[in-house]
Amino acid sequence: MTEEILRDDLRFYFMSPCEKYRTRRQLPWKLAVQILKIFMITLQLILFGLNNQLVVSYKEENLMAFKSLFLKGYSGVDEDDYSIAVYTKQSVYDSLHYVIDQYSQLGNLSVGPVSYAEENEKFLPLIICKKSYKKGSTEPSKEVYDIDAELETESTKTWRMNNASFFELDFYRLVDIEITFTLKGINLQTVRSHELPDCYSFFVKILFDNSCHSGKVKLTLDFEAVSSVCKNWKISGTAQKSTHYLLIFDGFVIVVCLSSAVLCTRSIILAVRLLQVNQHSRFSNDQREFLNGWYILVIISDVLAIIGSILKMEIQAKSMTNYDVCSIFLGTSTLMVWVGVIRYLAYFEKYNVLILTMRAALPKVLRFCCCAGMIYLGYTFCGWIVLGPYHEKFEGLSRVAECLFSLVNGDDMFPTFAEFEQKNTMVWLFSRAYLYSFISLFIYMVLSLFIALITDAYETIKGYQMTGFPMTELQRFLMGQKEGFSLQGQEGVGTECGEAETIHPSVMLCCCKRYSI
């Protein structure tokens, strides 16, 4: 391959879509596919999000309804990580009796379309499981106890509290009581969205937690909702089945994403071939410029979008019910698709400052974050072990990390100081020293240095925009220059390539107008 042919191939490879069209009349298929993909994936995400909102609201409202139906004295607001708490033996018995009684009268009480699950055309009773220590006795006044730590489990299926011996509770041995039952329901609100209603199975669990043996029995109600296709259905009026239209749209999205992935893969293969041809040339040090990271990002987003679309089609066809996994794939793919748009904005002078600044500052920022992270982790562990028993924001490692991150950003400072319990003077004084030192160190020093690193990178890029970017051997070769020949020495280059100087060095010269050698 002659040098001129090699230069033309390389120059064409690094050109922008508009330059490729102006030079060889090659239509920008990748650009057109990316634009179409952006609108289609975004529309797909919006449609899925609206449908997901209906499902989430249906589950949340059913959970609230079940708590109000089966938990005696429930106020509508959970207490911390449990629903309600009782403190007397009689209250525990009353709560147990209330659950059983409400379950037996569900058909006369609930205003929603829920009913008992059936097996062999018979309604299923609730199941009560009791866990206790095998044997034990305690005498707190004499500080004496005798406990067998091995647990024993007893269970019964019932509609009434007719087993007197089972419900005789030894509270000093009792660990927990678990009540489980299954209910059936239909989500009718999807009819308004011109979709078929889903049938749900609610696997409800009510837990009486006495594991702490602190005199406080915590009641928690939760359920697992599983949707399925209703066996017999009939809808009249304006609501019609539109599932097949959504399936066709999702299939079209998959085709577009496959086309995008194929085009980007072809470009990567072409880059690898050019790299193999030029691996022994004088600009072999610029080999990383041949591999475009944007193509890899687009391919990853395409794969995620295809997987998310397949999962969405399975959900529409009622073959699966895991909305969360589908949301992760669709959301991540949409994020990457929109981030990928920056690649095309980078061909314009006034839009590529963000990319250049991030690329220049990233290595220094990562090294700086590694050092600052060590200090941050030290404060995290220290705050958890010392302040955790006295402040709810420091009860867990993840909560401590989130609280400290909020403090770094100036959020929620005064409540963090004010909510400390003054039960222990020494710990209270330590908390003041801890918070003042952390806030002063991270806001006045660490955060300021972090911003300074990014500002320094921005100033460097701004200076390059005024004087020109340092040129690599590859860029000199593309411009037809000999080694050591400066950019300003070429007549007309400064005026025609002014915009190109702000673009990433690997494509800087290729966004200019065609330059005659």
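We number each residue from 1, going along the chain as drawn.
Quick reminder: no glycine exception, Cβ is built from N, Cα and C everywhere.
The annotation domain 'Mucolipin extracytosolic' is assigned in TrEMBL to 55-231.
Positions annotated as transmembrane segment by TrEMBL: 245-272 (among others). Remote same-chain residues near the transmembrane segment (245-272) are listed as 13, 29-30, 33-34, 36-37, 40-41, 44, 47, 290-292, 295-296, 298-299, 302-303, 305-306, 309-310, 312-313, 316-317 (criterion: CB distance under 8 Å, separation of at least six residues from the stretch ends).
What TrEMBL records for 292-311 (among others) is transmembrane segment. Sequence-remote contacts of a segment are chain residues at least 6 beyond its ends whose Cβ falls under 8 Å from one of its Cβ atoms, and for the transmembrane segment (292-311) they are 34, 37, 41, 44, 250-251, 253-254, 257-258, 260-261, 264-265, 267-268, 271, 320, 322, 325-326, 329-330, 332-334, 336-337, 339-340, 343.
Per TrEMBL, transmembrane segment is recorded for 323-345 (among others).
Positions annotated as domain 'Polycystin cation channel PKD1/PKD2' by TrEMBL: 326-461.
Panel annotation: around the transmembrane segment (365-387), residues 394, 396-397, 400-401, 403-404, 420, 427, 430-431, 434, 438, 441-442, 446, 449-450, 453-454 of the same chain, lying at least six beyond its termini, place a Cβ under 8 Å from a Cβ of the stretch. Residues or ranges marked as transmembrane segment in TrEMBL: 365-387 (among others).
Per TrEMBL, transmembrane segment is recorded for 433-454 (among others).
Counting residues per DSSP class in helix, strand and coil order gives 118 helix, 0 strand, 18 coil for the domain 'Polycystin cation channel PKD1/PKD2' (326-461). In the predicted model, the domain 'Polycystin cation channel PKD1/PKD2' (326-461) has a mean pLDDT of 88.
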